[in-house]
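Below is one structure, written out as structure tokens; comments come after it.
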Amino acid sequence: MDRSQQLGKDRIGSLLMRFSIPAIVGMVVNALYNVVDRIFVGQGVGSLGIAGVTIGFPMMIVQMAFGMLIGIGATSLISIRLGEKKKEDAELIMGNAVTLLVVIAILLTALGLIWLVPLLKLFGASHQVLPYAKDYMSIIFYGSVFQGIGFGMNNFIRAEGNPRIAMATMVIGAVLNTILDPLFIFSFGWGIKGAALATVLSQIVAAIWVLAYFLGKNSLLKIKLPNLRLRWDIVLGIAAIGSAPFLMQLAAGFIEQ
């Protein structure tokens with residue numbers, strides 16, 4: 001029995017435990033990215049470094065909000081199609097979502113780098129904190145594509161019935177970030193730039209993990225080149241469903257300032 005059939009036949013209580021526990025663990029671990037950066041930056045750079053990372057955190061939340069817009073919106077549609085046993089339609093939705101994630105991430109990177117200083121000042125960066133926040137976020141923005149793939153597409157792994165693999169994506173990234181932070185900050189002496197680089201490298205590894213899964217033999221859904229071409233009915237469907245979590249996450253980003 002494949003995983004999509006298990007979702008329709010297994011006991012509800014068992015399914016809730018199987019999906020909710022990995023999701024909770026994954027979300028908690030994912031939140032460690034910024035916490036770990038703050039801890040090591042505080043030890044290696046000081047209070048201004050912590051302030052720089054803190055100022056940048058709302059901008060990272062905005063990045064995550066777009067990942068939720070596409071990831072959750074597409075996941076809902078994919079789950080519906082799998083329930084209807086329309087695997088090809090589910091793969092078409094996933095392909096469109098991949099394109100959206102990459103395009104939006106590229107736009108966020110470009111706009112973020114162009115308007116970096118005004119954005120940091122908008123979120124409260126003082127003259128003393130601005131250089132640290134700029135050093136941190138100027139590197140973080142280059143990881144937007146990988147963050148979008150790793151965070152956004154990870155929802156699709158859960159949608160096809162493999163929550164443990166989805167949890168592993170977040171755990172791998174967070175653990176690697178925890179290992180690289182002290183190495184880059186203290187051993188290499190890269191300071192706050194090292195913390196940002198550790199985060200980006202961790203996101204790259206998580207993105208590779210997700211892509212390897214969907215390109216491998218264990219995934220139910222496959223990434224196919226023809227499905228990467230956008231269809232506006234699918235785009236609008238994804239946006240309609242994903243807009244609520246997107247707005248909630250976006251609001252959290254502005255509250256953080």
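The count begins at 1 with the first shown residue.
Placed from the backbone N, Cα and C atoms, the Cβ positions cover glycine too.
What TrEMBL says about this one:
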TRANSMEM  12-33  transmembrane segment
TRANSMEM  53-80  transmembrane segment
TRANSMEM  92-116  transmembrane segment
TRANSMEM  136-153  transmembrane segment
TRANSMEM  165-188  transmembrane segment
TRANSMEM  194-214  transmembrane segment
TRANSMEM  234-255  transmembrane segment
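Counted over residue pairs 6 or more apart, the CB atoms of the transmembrane segment (234-255) and the transmembrane segment (53-80) come under 8 Å in at least three pairs, which marks the two as touching. Proximity of distant same-chain residues to the transmembrane segment (92-116), defined by a Cβ-Cβ separation under 8 Å and at least 6 residues beyond the stretch ends, is recorded for 59, 62-63, 66-67, 70-71, 73-74, 77-78, 81, 134, 137-138, 141-142, 144-145, 147-149, 152-153, 156, 214, 221, 223-224, 226-231, 234-235, 237-238. Sequence-distant neighbours of the transmembrane segment (165-188) (same chain, 6+ residues past either end, Cβ-Cβ under 8 Å): 22-23, 25-27, 29-30, 32-33, 36-37, 40-41, 43-45, 150, 154-155, 157-158, 194-195, 197-199, 201-203, 205-206, 209-210, 213.
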